[in-house]
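Each remark here refers to the structure printed beneath this line.
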Amino acid sequence: SDVATIELGARSYSSGAQLNGKDSAYLGIYPTPTANALQVATAVRAELTRLHARFPADLTWEVKFDTTRFVAATIKEIGVSLALTLMAVVVVVSLFLQSWRATLIVALAIPVSLIGTFAVLYALGYSANTLSLFAIILALTMVVDDAIVVVESVETKMAEGLDRGAATAEALRQIAGPVIATTLVLLAVFVPVAMLPGIVGELYRQFAVTLSTAVTLSSVVALTLTPALCAL
């Protein structure tokens, strides 16, 4: 389909462009609000490279300003922070639980919850951007909280003489209510943010949805996968 109309007209003296001291034409390309800026930038460069074969010998193109470079750098930094936070959480948990088995059970809850969170975001049409990754970093400690409570409760019951199966069943009976209540309290904070109207809602909706999803999935994992692993 047509994307532009080009015609000869009077020269505009209010704006212009030069490249290396020579007159040039400039074109601004902006992604739609729902588009992935990084994918748009990559697609634009690929299309210009394809069209370059049809350009005259004295005609070339350059991208002089690309904001996605800053976006990519920011996402990379957040990714590094996410990895460091994940390692720090595992180390701290291992120091306090004093058990590699318990630490491994808690650590397994992290990727399961995060993978589920990304799957939900993908299903809702959200992308992995600065806001969602920052929300994931904040959610890491919340993700392990429920698993730690379950594992510690099972360890306490086993210290009282119960076998793993009985200890897990008794611990789950005692802490299922508090875990669910804690999750509902957190959702009562995040869900209203996702429903805010106007520009504020648009800005923070994905952040709130990411946190709400991560917290909900962490509780589901803590009440299903974590007890199953503890009983093995």
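Cβ from N, Cα, C; glycine included.
According to TrEMBL, the protein carries these features:
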| type | residues | note |
| --- | --- | --- |
| TRANSMEM | 78-97 | transmembrane segment |
| TRANSMEM | 104-125 | transmembrane segment |
| DOMAIN | 108-232 | domain 'SSD' |
| TRANSMEM | 131-154 | transmembrane segment |
| TRANSMEM | 175-195 | transmembrane segment |
| TRANSMEM | 207-230 | transmembrane segment |
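The recorded stretches the transmembrane segment (104-125) and the transmembrane segment (175-195) do not share 3+ CB pairs below 8 A when only pairs 6 or more apart in sequence are counted, and are therefore not in contact. Residues 103, 106-107, 110, 130, 133-134, 136-137, 140-141, 144, 148, 151-152, 155 of the same chain lie 6 or more positions beyond the ends of the transmembrane segment (78-97) yet place their CB under 8 Å from a CB of it. Helix first, then strand, then coil: DSSP counts for the domain 'SSD' (108-232) stand at 110 helix, 0 strand, 15 coil.
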